[in-house]
Amino acid sequence: MPALSNSNWDRRTVLRAAMGLAAAGGLAACGSNNGRGGGASGNALVQYFHAYGEAGTEQAIKKYAKAYKGANVTTQWITGSNFESKLFASLLTKEAPDLFEFHPQIQLIKSGQVADLSDIVEPVKDDFNQADIQSHTVDGKIYGVRMIDDPQFFFYRKSMLEKANVEVPQTLDELLEAAAKLTTDKVKGVYLGNTLQAVIRPMIWAAGADTLNDKNEPAYHTDAVVDGIRQMRKLFTSGDLLLGAPADYWDPAALTQGLTAIQFCGMWAMPVMQQALGDDLGIFPFPKVGDAGKPAVYNGGWSMFVNAKGDRVDEAKEYVKWLWIDNKEYQEDWALSYGFHIPPRTSIAESADKLKSGLPAEGVKLFNEFGHFDNIGWTQAMIKATEDVFADSVRKNGDPEAALDKCDKVVNAELKKLFG
Amino acid sequence: MSTTTTRDLARPAPAKPSKAGPRRGLRGSGTFNFWLFTGPFLIGLLIFVYVPIGWSIWLSFYEARFTVTPSTFVGLDNYRSMLGNDNFTGALGTFTVFAAIIVPTTWALSLGLALMVNRLRFMRAFFRSVFFLPTACSYVAASLIWKMSVFNGVRFGLANTVLGWFGVENIAWLDNPNPPWYWLVIVTARLWLQSGFYMILFLAALQNIPGELYEAAAIDGAKPGWQTFRHITLPQLRATSTAVILLLLIAAYQAFDEFFNLLSKTTWGRPPLVELYYTALGDNQDYGAGSAGAVILTLLIVVVTLFQGKIMGFGRGDESK
């Protein structure tokens with residue numbers, strides 16, 4: 001019978017798996033997700049979340065889901081660094097999630113992928129940060145519910161700057177100088193993540209440019225941005241930039257382990273950093289690039305969307321309304337109990353005592369003063385195009401003008417597809 | 001099933017005298033047994049291999065963005081755009097560099113290991129297993145170990161620690177493409193993973209070389225060592241070498257895991273499969289162009305394989321020995 005050869009094969013597979021596991025140790029958890037719900041979850045709503053780094057987040061999301069009486073909700077906790085491609089790929093299949101978290105991007109709306117949530121958001125619209133409402137609105141309809149706002153900026157070790165006699169950098173030039181002075185044989189001056197993609201938008205804004213202008217035309221291709229890219233290249237090759245750290249920029253490890261004096265990261269990591277470093281911690285926005293620039297903070301974050309092509313749109317909407325509109329207790333828990341996030345609901349933000357003093361309050365100030373929210377017209381393909389610019393002309397020695405020209409082509413083609 | 005009946009008719013009475021025949025009632029028609037054994041695999045092959053291949057070829061002629069059931073026929077447009085796509089042609093270049101490095105190094109290393117293990121007088125089984133073990137490790141797991149502990153860019157990474165003893169500055173192996181140290185990481189990971197397997201193939205071939213040949217060579221005055229290796233061992237390994245090189249080339253063409261896991265957000269170091277992954281499953285979800293690329297890649301593999309077989313005489317059977 002075929003079973004015979006099958007069982008041989010199985011034994012071998014099992015052996016391989018066992019040895020692979022032994023060799024991989026704790027790393028084996030990666031990549032095991034097949035994007036499908038469990039076998040018994042046929043009746044449950046499926047939701048996708050990217051893997052948050054903070055302890056307790058996965059349990060929290062599952063706890064909320066369990067508390068919901070209207071339906072079974074199962075959670076796919078997507079590990080790895082390419083949440084968006086896993087999400088996009090699964091949305092095409094029958095195993096597509098009924099609801100998922102993501103950032104507002106207009107191609108999802110143009111392709112009819114996400115459902116109009118105006119009816120559930122409208123009644124409480126005034127209680128939301130209006131910038132968050134605006135970034136989710138297309139033609140008067142609101143397509144997602146913001147769960148958390150995540151300002152991203154620099155964290156630094158006060159003691160290290162003092163010791164090296166360095167002031168908090170006010171310009172990109174000063175950041176380069178500071179990096180040089182702060183670098184010792186053990187500690188690097190600055191960490192921007194291994195691939196630098198997190199600082200692309202902040203750098204564009206800090207140079208006085210923007211991703212797109214009001215008419216949805218490219219606005220990033222300016223002389224100041226080109227200069228900024230040249231400076232970034234200088235920083236990249238200076239030897240003062242931490243590269244190849246085991247954890248990426250979103251993880252506070254590089255700063256807390258003393259690998260770097262300054263790290264680009266997000267508000268979410270603040271509790272862990274404070275716990276590890278106490279008062280030896282300060283923050284500053286991405287410093288201005290060139291004379292016409294202005295310090296910038298990226299107000300990222302995550303929103304809930306409903307898969308309009310799923311067969312249970314109404315049930316999914318009901319769940320989103322129950323949790324992310326009505327249940328303020330859980331919303332507050334999600335924003336403040338694990339990492340720090342700024343609640344997009346004004347009423348919750350106002351009563352959030354944890355964000356009212358000390359460093360968190362400074363973070364909120366940067367968020368309000370220098371923050372740039374998502375532009376819904378700036379899609380994944382355009383983000384990818386600017387990442388290629390940084391890859392080609394910061395990590396590689398390519399000409400920034402040429403790289404930006406190439407980026408223009410991609411962005412314009414995409415804009416044409418989206419807006420005609 | 002009609003074949004079964006024909007067979008039964010042709011051999012009218014095999015059922016009766018089979019008391020001493022096959023076990024478990026699997027008497028009778030060999031054809032039936034053939035289909036019984038191979039059927040499930042053929043069905044699997046059909047569903048999971050041939051249908052997707054056919055589907056992919058079909059998709060390659062359509063405008064298929066964000067869908068796998070497209071309706072707009074575009075003829076050869078996808079092929080034109082893929083062949084005009086610098087990233088894809090660049091990926092073919094990347095592959096060539098990769099294959100040019102990995103095929104000879106793996107061949108030499110696994111042959112070397114096999115020769116050493118073959119020479120051992122004791123603990124041969126132990127060393128054979130030790131060298132074979134990495135084959136059992138997955139590429140993803142190995143890539144993560146390579147990336148996070150062996151070749152990370154900070155001072156406590158294994159490679160940087162060792163270099164640090166000699167006063168060498170920390171190197172960002174994977175993130176800085178100048179100089180392209182990432183090749184070292186990728187090649188060593190693959191060498192570690194696959195050499196053991198090919199060593200076993202060479203070992204089997206080495207043990208198949210008749211001892212008389214060496215004796216005869218010794219009598220004829222061949223010196224042991226290089227001369228014997230060059231004129232006896234290597235020619236005797238020709239068939240195995242050819243097969244190994246062929247397998248290595250195919251494996252190199254299929255390289256994906258370590259590139260995907262070791263390099264992120266780059267515009268370099270992308271072999272064809274990684275490029276196609278980003279085309280078909282990335283932000284664009286362009287299945288038409290992705291499929292066209294896959295067909296081009298398949299054709300290339302076929303051509304190279306046939307060409308290599310022609311040169312090295314793979315499949316010529318005994319005469320090639």
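In case you wondered, yes, glycine gets a Cβ from its N, Cα and C as well.
Annotated domain 'ABC transmembrane type-1' per TrEMBL: B:92-308, in sequence order.
Feature annotation from TrEMBL assigns region 'Disordered' to B:1-24.
As annotated by TrEMBL, transmembrane segment applies to B:32-53 (among others).
The transmembrane segment annotation in TrEMBL covers B:88-113 (among others).
The feature transmembrane segment is assigned by TrEMBL to B:125-146 (among others).
For the transmembrane segment (B:181-206), the list of distant contacts is 97-98, 101-102, 105-107, 109-111, 113-115, 117-118, 128, 131-135, 137, 139, 142-143, 146-147, 150-151, 171-174, 233, 236-237, 239-240, 243-244, 247-248, 251, 255, 258-259, 262-263, 269: same-chain residues at least six beyond its ends, Cβ to Cβ under 8 Å. Look at TrEMBL and you will find B:181-206 (among others) tagged as transmembrane segment.
Beyond its flanks by at least six residues, the transmembrane segment (B:237-256) meets 95, 98-99, 102-103, 106-107, 110-111, 190, 194, 198, 201-202, 204-206, 209, 271-274, 277, 297, 300-301, 304-305, 308-309, 312-314, 320-321 of its own chain at Cβ-Cβ distances under 8 Å. According to TrEMBL, the feature transmembrane segment maps to B:237-256 (among others).
Annotation comment: TrEMBL describes B:287-307 (among others) as transmembrane segment.
Among residues of the same chain six or more beyond the transmembrane segment (B:88-113), those with a C-beta under 8 A of the stretch's C-beta atoms are 82, 131, 183, 186-187, 190-191, 194-199, 201-202, 237, 241, 244-245, 248-249, 252-253, 255, 268-272, 274-276, 279, 293, 300.
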